[in-house]
Amino acid sequence: MIHMLNAAAYRVKWTRSGAAKRAACLVAAAYALKTLYPILGRRLKQPGHRKAKAEDYPPAENRERLHCTEIICKKPAPGLNADFFKQLLELRKILFPKLVTTETGWLCLHSVALISRTFLSIYVAGLDGKIVKSIVEKKPRTFIIKLVKWLMIAVPATFVNSAIRYLECKLALAFRTRLVDHAYETYFANQTYYKVINMDGRLANPDQSLTEDIMMFSQSVAHLYSNLTKPILDVILTSYTLIRTATSRGASPIGPTLLAGLVVYATAKVLKACSPKFGTLVAEEAHRKGYLRYVHSRIIANVEEIAFYRGHKVEMKQLQKCYKALAYQMNLILSKRLWYIMIEQFLMKYVWSGCGLIMVAIPIITATGFADGDLEDGPKQAMVSDRTEAFTTARNLLASGADAIERIMSSYKEITELAGYTARVYNMFWVFDEVKRGIYKRTVTQEPENNSKSRGGLELPLSDTLAIKGTVIDVDHGILCENVPIITPAGEVVASSLNFKVEEGMHLLITGPNGCGKSSLFRILSGLWPVYEGVLYKPPPQHMFYIPQRPYMSLGSLRDQVIYPDSVDDMHEKGYTDRDLEHILHSVHLYHIVQREGGWDAVMDWKDVLSGGEKQRMGMARMFYHKPKYALLDECTSAVSIDVEGKIFQAAIGAGISLLSITHRPSLWKYHTHLLQFDGEGGWRFEQLDTAIRLTLSEEKQKLESQLAGIPKMQQRLNELCKILGEDSVLKTIQTAEDTS
C-alpha cells in the first residue's frame, strides 16, 4: 500500500501525506455510496410512495351528483410530470403573448437584480477575507479602509436586496393582471359565465379559480423564478471562484468537488424519497377553500329564506362541516411539512456544514502555496494570515453556494405546490375554452366499489351522449322552430320536436304546468342552451329582450337600472336623454321613485330599496328603453296590479313589440294572438288563441272546481247521518260498491 502511495505521489507530484489524504477521502466516499445507495433504492421502492388514500383526507363535497352512463375519464393528480410542464408552457403563451411586453421588461430587470446580487456576494466574501487578514496581521489602517469599503458596499447591496423583492412582487402582479384580463375576456365571451355553471360541471367554484388560484399561481411563478435563477447563478460563480482560488494556491479541487457532489446527490435522493405529494395536497386545499366560500355566498344569497325558516342551525352545521374539512386538510399539510422540513434542515444545515468544513480545510491544508514548514517567523506569520484570508473567503463562498443549493433543493417542494396551482388555472382556461366552443361535460362522482378507497373524480362528457346537431340561424324577421327539442343540461328531454312560427306582430301566450319547458324555451331562444336537433331561426340577440320574474338590479345609479346593460355613453349614442327616461318611467307608472330616491344619479342597493312590484316594472322599463322586436316575458308582472299590468302590455303592443309571454293571469290573454300549450308529458300544441272561448272555458272550469270542492264534505256528512239514523243511502251504497270493486 505504501509503495502504491509513493508511486501515485511521484506521478502526480503530490506529497506522500497529500496522496494518503486523498486516498482516504475517496475510500470514505466510495463506502458511503455503497452503503447509502441500496438503502435509498429500497426506500424508493417501498409502498410509502403511494398515492394519497381516502383516509388521509376526506373527499371534498360535490355541489351536484349526476348519473353516469357510459364514457368516464379520470383526472391525473397534479405533480412534477410531463403534464405539468405542458400546462406551464401553455400558460406561458398567455403570460408572454409576444417578445416585447411589460412582463418581459419586469423579468429582465428582475434578472439584472439577481445577477448583481450574486456578484456582490462574491465581492463581499473576498472583502471579508481581507478584513480578517488585516486583523490577523494587526494592521489597523488596512482594517479601517477595508471596513469602510465593506460599509460602502452595503448600500448598493441592501438596495439590490430590496429591489429583488420589489421586482418579484411587480412581476407577480404583472402575471396576475395578464391572466385576469385573459380570463375575464374568455369568461364573459359567448355567455361562458352562464354555461360554465349551468351547462358544464367541471368547475365547481369559478370565482375561486378566477381570484385566489390565479393570485397564488402568479406569486408562486415569480417567487420560484427568483428562488431558482439566483441560486443556480450563485452555484456556478462560487464554484468557479473556489476552484480558481484552490488551483492558484497549488491545491487540487477534485476531492472537495467529489465530496460536494456526493453529498448533494445523496441529499437530493433522501429528500425526494421523503417528500409528500405537495401538489395534490395544495390542489385539494384550494378546492376546499373554494367550496367553503361557495357555501358562505349561498347563505348570503338566500339569507331571507333561511331566516324565515329559522334554518340557521342547519346552515351553521354545513359551514362547520366544510370548515372542518378544510382545517383537516391544512393540518395534514402542516404535519407533513413538519417532518419534511426537519429532515431537510438536518441535512442542509448540519450535514452540509460539516462537509463544508472538510471541503474548505482540505485545499488549505494540502495547498503547496501555504506550506510554511521551512520558513522563518516573519514569512510564517504571513502564511498564517494568507491561510486565514483564504479560509474566510472560501468559507463565505462555500456558505453562499451551500445556501444556493439548499434553496434549489427546497424549491422542489415549491415546484410541486406550483404544479397544483398550475393544474387548477390551466383547467379553468381549458374549461372556458371548451364551453365557449360548445363542448360541455358534467362532473360526476362514482361511489367506490367493494369499499375501494379511490378518490378519483370521474367525468362524463355530455357532448358524447347528446351530440349538438342542431343549427341556429339569425334572421331579420320572425322566430321559426323546426323539430327543435327542449333538453335540459342534465340530458332530460322535456319536449320533443317543437314546430311553430312567430311572425312580427304576433303575440304568443305560453302555458303549461310547472317544469313543462316554458322557461327552458326562453333559454334556447336566448342562446343559453344549445339546440341539439333541428333548426332554429331567430333574430339576433340585440332584437330580443328577456325579462324574468325577478329582474336583476345592477350596481350603479337609478339611471343605470333603466338602461341596463347599456352604459351612459351607450345611452347618449342612442340619442336618449334623461327626459326620455322619464317618459319611459311614466309608461310603467314608476316615475315617483325619481323624486323619492334623490334623482337619476342616486346610487343605492336597488335590490333592497325597490319593492317586488317596482323591480318588475323596472324590468318592463328596460324593455321600452331597448325597444326590441321580440320580448320574452317570464311571469314578469306577477307582482304588479292588474290595471297597471294591462296598461303596460297595451303600451308594449303599441310600441310594435311582439310579446312571448309566460303568465297564469287570464286578464292578459286578450293581449295575445296565439297559444303554445305544453301538457307536461312532452307534448305540446300551437294554435291561434280565441280569447273569448278560452275565457268561457276557464270560467266553466272554475265553477266546476268550486262545486266539486264541497262534495267530499257533503259525502262525509251523509255517512255520519246514516250512521246516526241506522239507515242506508243510495249514494252510500253506490260508493261502497265502488270501493269493493
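Counting begins at 1 with the first residue displayed.
Yeah, the Cβs are placed from backbone N, Cα and C, and that goes for glycine too.
Residues or ranges marked as ATP binding site in Swiss-Prot: Gly512, Pro513, Asn514, Gly515, Cys516, Gly517, Lys518, Ser519. In the three-state DSSP scheme, Gly515 (ATP binding site) falls into the coil class.
For 107-399, the entry in Swiss-Prot reads domain 'ABC transmembrane type-1', with the evidence type sequence analysis.
Feature annotation from Swiss-Prot assigns domain 'ABC transporter' to 479-705; the stated evidence is sequence analysis.
What Swiss-Prot records for Asn190 (among others) is N-linked glycosylation site, and it gives sequence analysis as the kind of evidence. In sequence order, Lys436 constitute the residues six or more apart from Asn190 (N-linked glycosylation site) in its chain with CB-CB distances below 8 Å.
Residues or ranges marked as N-linked glycosylation site in Swiss-Prot: Asn227 (among others).
Averaged across the region 'Interaction with PEX19' (1-218), the predicted model reaches a pLDDT of 73. Per Swiss-Prot, the feature region 'Interaction with PEX19' maps to 1-218.
Listed as Cβ neighbours of the transmembrane segment (107-127) (distance under 8 Å, sequence separation of 6 or more from its ends, same chain) are residues 146, 149-150, 153, 156-157, 160-161, 163-164, 167-168, 171, 225-226, 229-230, 233-234, 237-238, 241, 393, 396-397, 400. Here Swiss-Prot flags 107-127 (among others) as transmembrane segment.
The transmembrane segment annotation in Swiss-Prot covers 144-164 (among others).
As annotated by Swiss-Prot, transmembrane segment applies to 251-271 (among others).
Sequence annotations record features per position, and here Swiss-Prot assigns transmembrane segment to 351-371 (among others) based on sequence analysis.
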Other CB atoms, at most 10 A from the CB of Gly517 (ATP binding site): 24
Least Cβ-crowded entry, counting other Cβ within 10 Å, from the binding-site residues listed as Gly512, Pro513: Pro513
List of residues, in chain order, with Cβ under 8 A from that of Ser519 (ATP binding site) and at least 6 apart: Asp634, Ile662
Cβ-centroid neighbours of ATP site Gly512, Pro513, Asn514, Gly515, Cys516, Gly517, Lys518, Ser519, 8 Å, sequence order: Val494, Ser520, Phe678, Gly680
Spatial separation of Asn227 (N-linked glycosylation site) from Gly515 (ATP binding site) - C-alpha basis, Å: 57
